[in-house]
Amino acid sequence: LFDGVYPFYPQQRKAAVFDISTIIVIVVFLTLACSFLLIIPGIRGRARLYWTLRVLLSLFVGVVIVVVQFTGDWETGWVQANTSYKSFSRVQVSADIGLHIGLAGVNVTLRGNPEKQINETIDYNEHFPWSFGADYDRSYSQGLQKGLPSPILYVAEKFSSQSPCAVHRQYRIAGHYASATLWVAFCTWVISNILFSMPVLVYGGYMLLVTGAFMIFSLLSFSTVRSSPMCLIQIGTRTLHVAYGGSFWLMLAIGLLCFVVGIAIVAMHHLSLDLLKTFFDLREDKAEDYQEMPEVFINPHFVSKGL
């Protein structure tokens, strides 16, 4: 034992498929979507299709804004290499090493190819946080004490504050401000839905444009880390390269979608207001306000007297 900690894991930790926070957010939004689908049969005519499209699209935008806060694939990279498995040992294993960078930290994955080698199951996924309030160097030191496999420690060391790569501060600040702008985008998304329900359609369109703008600002904030040169991550004879991952491109697509929908709503407000009100199921209210009286009965006695 080393200070009460085994130098190597008695059992290998399995790679995490989903983050618990991500699952909670998805379940909450799926509950809202299912609740709406239960009441959708009560909406008459073509308005049912319009309501379904608007609500599901809006919920999809909202869940993406929140979920990407907890995902770890803003930048990703994989490499397959023959590498040493444990410190002070010449035994090498064939493994896939993955690097997953998120807004709040970095995940390093080590997966044997095949999984069972040297009488062990090689399947690790370790998270090292760098968000404000978390201590990345302390997590890295705990990994050293646990005796994590050498490839994981080697990759994690590149992002420590003591590393000559000097990328820890850039990633930490970029992730912090990207997360902050995304929460602002979530607030503007909520305001846009409130304006659409009032209904103040053109201002709801403007808030969608603001939502898309803050999404793009978050991408620009995160992409500032590329201004700093990244050290080579050399594993065996192979080099691990990282590129923008699924969360980055998904956020870009949703931001552009908000721009397109916002511009369409503002343009329709000025060019075809009736069509816009039809899509938001407001024409029926207008017709009731301006409909003519169907039939009027007049007493001929008063007519004859000129009253």
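Counting starts with 1 at the first residue shown.
Here the Cβ of each residue, glycine as well, is placed from N, Cα and C on the backbone.
The following features are taken from TrEMBL:
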TRANSMEM  20-39  transmembrane segment
TRANSMEM  51-71  transmembrane segment
TRANSMEM  91-110  transmembrane segment
TRANSMEM  177-196  transmembrane segment
TRANSMEM  202-222  transmembrane segment
TRANSMEM  242-268  transmembrane segment
Next item on the list: Using a Cβ-Cβ cut-off of under 8 Å, list the residues of the same chain that are 6+ residues beyond the ends of the transmembrane segment (177-196) and lie near it.
Entry: 54, 58, 61-62, 65-66, 68-69, 103-104, 131, 203-205, 207-208, 210-211, 214-215, 217-219, 221-222, 251, 280
Check: Excluding the flanking five residues on each side, which residues at least 6 beyond the ends of the transmembrane segment (51-71) place their CB within less than 8 Å of a CB in that stretch?
Finding: 19, 21-22, 25-26, 29, 32-33, 36, 40, 43, 102-104, 179, 182-183, 185-186, 189-190, 193, 196, 211, 215, 246-247, 250-251, 254, 257-258, 261, 279-281
